[in-house]
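Asker: Right, I'll just put the structure down here and ask away after.
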Amino acid sequence: MIVTDIKKCRTYEECENCKNKEISKCMEVCLTNAIKMIDGKAFSCITCGTCAKECPTGAIKKNEYGGYYVNRKLCTGCGICKNVCPIDIIDIREDSTGKSYPTGMCVMCGLCTTECPYNARLYFDPSSLKNTKNKMLMERYSTIFKMMGKTYEFPEPKHVKIVKPAERKLRHSISIDSEKCVDCGKCVYLCPKDTIIEAEIIDGCTRCNICKEVCPVDAIEYGEVTENCILCGNCISKCPKDVLEISEFKVVKTKEDVKASPEKHCINCGLCVDKCPSNALRFENGKILYDPKTCTLCNTCVKECPQGVRINKGEFVDGGCVLCELCIKECPEDAISIKERSKFTSIDKEECIACGTCSMVCPNDAITVVIDSLNFSGNKVHSKVIFNDNCVICEKCAIHCPRDVIENTSGHKKVVDRENSYIRTDNDYCVKCGLCTIICPNDAIDKGEINTEKCEYCSACVNICPTRAIRIYRTWNEKTK
């Protein structure tokens, strides 16, 4: 919740010339009327949740910030929330249509903390009761409650146990140097686990030169045959693109030269191992091992793989790298190596727009986007991306990040399919706080009003909206190189 530091909050006596005699600056910016004056001090909703618990229609909801908001479609204006509020902050008001609904619930938007010129408004987590300062603040609030004839006990927070925490601190996986790679596709064709996927299915000679390696008499190179050819046909059967054939007692190349770019590959994150319900996958020494007899072909690994390299082949699932190093040995340009990658901890870059896409797509709830400051005065939004121990370095966040803030080692990238995505504002939830306007990197939204031509569907407005009034649905396309 958000509380007031009584020592910092100005009094009427100290501010005789201030126009705010009955209303403070924090009250001016609070769009839900969740702040009231008591003896010249600003106090607000304590986000205890009593109103939500007692609401007979379930119209009062809790958001991810710990605040509460009202679904006006469900609200009947019965006033029960007002009657049960322990600090008497909730009031029932009528809108322009004559419909009654409650105000006074804090949505934890944080506008008051930014606008307070004395830094007297601050976030307070009841779970941090070990902090001496917070204890003192709590005692002050308790005293005020007693003066008002009210009592309230703050519940002790329940310890949240992380289910199946990832113990892996490092990740070992192949890395393809795009500057060295000549797009011959040899690694794609030779991988025994089919874990390196080419950007697109092409029809032509990729100059992988496998034909030369399998020729017993060294009579062919890049599909071009010399007079030494004995028509054994080994190059024809081994050609991954069916480019060669025998015509008039000669081996000829029937298709033009094309490039085969490796778009994505298994990065040994182990997410498939963690999610497999039948224990058909196992992690051993950084390698992902697979037992087809144990596998039930449920396709969980196929759906969970952030790189999209898991493939159900009917009788078994392929696509997991076992670090056999065959691609490294066979690469003609030494463009492939095995690299070690440490877990993500935090990212603090100016390019981050605090859109929260990384947090939304994370399969392990390992990411939190913290917004340190907003551009009320025209300054840039400053935010940090923080990772917890659940992170397995699967890079799904990097694949979907619209600003490429998170490092992407495989190069696999997805972008929003605008034609099959939508974003809209539900005015029954919107309180016109303007946070969406402040955070939008494209000036595409003004207090809930969205200009879809400017919008890039980054979801920054969705991420910051305290009442969940902005809804977004996105589909994704593979980004071609």
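Note: Cβ is positioned from N, Cα and C throughout, glycine not excepted.
Sharing the features that TrEMBL gives for it:
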type	residues	note
DOMAIN	34-65	domain '4Fe-4S ferredoxin-type'
DOMAIN	66-95	domain '4Fe-4S ferredoxin-type'
DOMAIN	97-127	domain '4Fe-4S ferredoxin-type'
DOMAIN	172-201	domain '4Fe-4S ferredoxin-type'
DOMAIN	218-249	domain '4Fe-4S ferredoxin-type'
DOMAIN	256-286	domain '4Fe-4S ferredoxin-type'
DOMAIN	287-309	domain '4Fe-4S ferredoxin-type'
DOMAIN	313-341	domain '4Fe-4S ferredoxin-type'
DOMAIN	343-372	domain '4Fe-4S ferredoxin-type'
DOMAIN	382-411	domain '4Fe-4S ferredoxin-type'
DOMAIN	421-450	domain '4Fe-4S ferredoxin-type'
DOMAIN	451-475	domain '4Fe-4S ferredoxin-type'
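How buried are these features, and what lies next to them?
Answerer: Tertiary proximity for the domain '4Fe-4S ferredoxin-type' (34-65) is limited to same-chain residues at least six positions away from its ends with a CB under 8 Å from its CB atoms, namely 1-4, 6, 9-13, 22-24, 26-27, 71-76, 78, 80-81, 84-87, 89-90, 102-109, 112, 120-121, 141, 144, 152, 154, 466-468.
When pLDDT values are averaged over the domain '4Fe-4S ferredoxin-type' (66-95), the model yields 91.
Sequence-remote contacts of a segment are chain residues at least 6 beyond its ends whose Cβ falls under 8 Å from one of its Cβ atoms, and for the domain '4Fe-4S ferredoxin-type' (97-127) they are 1-6, 8-10, 25-35, 42, 44-47, 51, 60, 63, 65-70, 72, 75, 77, 79, 81-82, 85, 89-91, 134, 137-138, 154-157, 373-374, 376, 431, 433-435, 466-467.
For the domain '4Fe-4S ferredoxin-type' (218-249), DSSP puts the residue distribution at 5 helix, 7 strand, 20 coil.
Proximity of distant same-chain residues to the domain '4Fe-4S ferredoxin-type' (256-286), defined by a Cβ-Cβ separation under 8 Å and at least 6 residues beyond the stretch ends, is recorded for 164, 166, 168, 171-174, 176, 181-185, 187-188, 193, 195-200, 202-208, 292, 294-296, 298, 300-301, 304-310, 319-321, 323, 363-364, 392-395, 409-412, 478, 481.
Within the chain, the domain '4Fe-4S ferredoxin-type' (287-309) has long-range Cβ neighbours (under 8 A, six or more residues past its boundaries) at 194-197, 264-273, 275-281, 315-317, 319-323, 363, 394-396, 399, 410, 412.
The domain '4Fe-4S ferredoxin-type' (313-341): residue composition by secondary structure is 5 helix, 8 strand, 16 coil, according to DSSP.
Residue counts for the domain '4Fe-4S ferredoxin-type' (343-372) under DSSP, split into helix (H, G, I), strand (E, B) and coil, are 5 helix, 8 strand, 17 coil.
Helix, strand and coil residue tallies for the domain '4Fe-4S ferredoxin-type' (382-411), in that order: 5 helix, 6 strand, 19 coil [DSSP].
Long-range neighbours of the domain '4Fe-4S ferredoxin-type' (421-450) within the same chain, counting only residues 6 or more positions beyond its ends whose Cβ lies under 8 Å from a Cβ of the stretch, are 31-32, 69-73, 107, 109, 111, 353-354, 371, 374-376, 381, 456-475.
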Asker: Under an 8 Å Cβ to Cβ limit, what residues of the same chain, 6 or more beyond the ends of the domain '4Fe-4S ferredoxin-type' (172-201), are close to it?
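Answerer: Contacts of the domain '4Fe-4S ferredoxin-type' (172-201) (Cβ under 8 Å, skipping residues fewer than 6 from its ends): 207-210, 240, 259-269, 286, 308-309, 311, 318-324, 326-328, 330-341, 409-411, 480-481.
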Asker: At a C-beta cut-off of under 8 Å, are there same-chain residues at least 6 beyond the domain '4Fe-4S ferredoxin-type' (313-341) that contact it? List them, or none.
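Answerer: 170-177, 180-182, 184, 186-187, 190-196, 209, 265-268, 272, 281, 286-290, 292, 295, 297, 299, 301-302, 305, 393, 409.
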Asker: Residues of the same chain, at least six outside the domain '4Fe-4S ferredoxin-type' (66-95), with any C-beta under 8 angstroms of its C-beta?
Answerer: 1, 32-34, 36, 43-52, 54-60, 101-109, 145, 148, 150-152, 428-429, 431, 466-468
Asker: Quickly jot the same-chain residues contacting the domain '4Fe-4S ferredoxin-type' (382-411) by Cβ under 8 Å, restricted to those at least six beyond its ends, or write none.
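Answerer: That would be 162, 165-166, 168, 171, 173, 175-176, 178, 263-265, 267, 269-271, 274, 306-307, 339, 341-349, 351-355, 357-359, 361-373, 456, 458, 476, 481.
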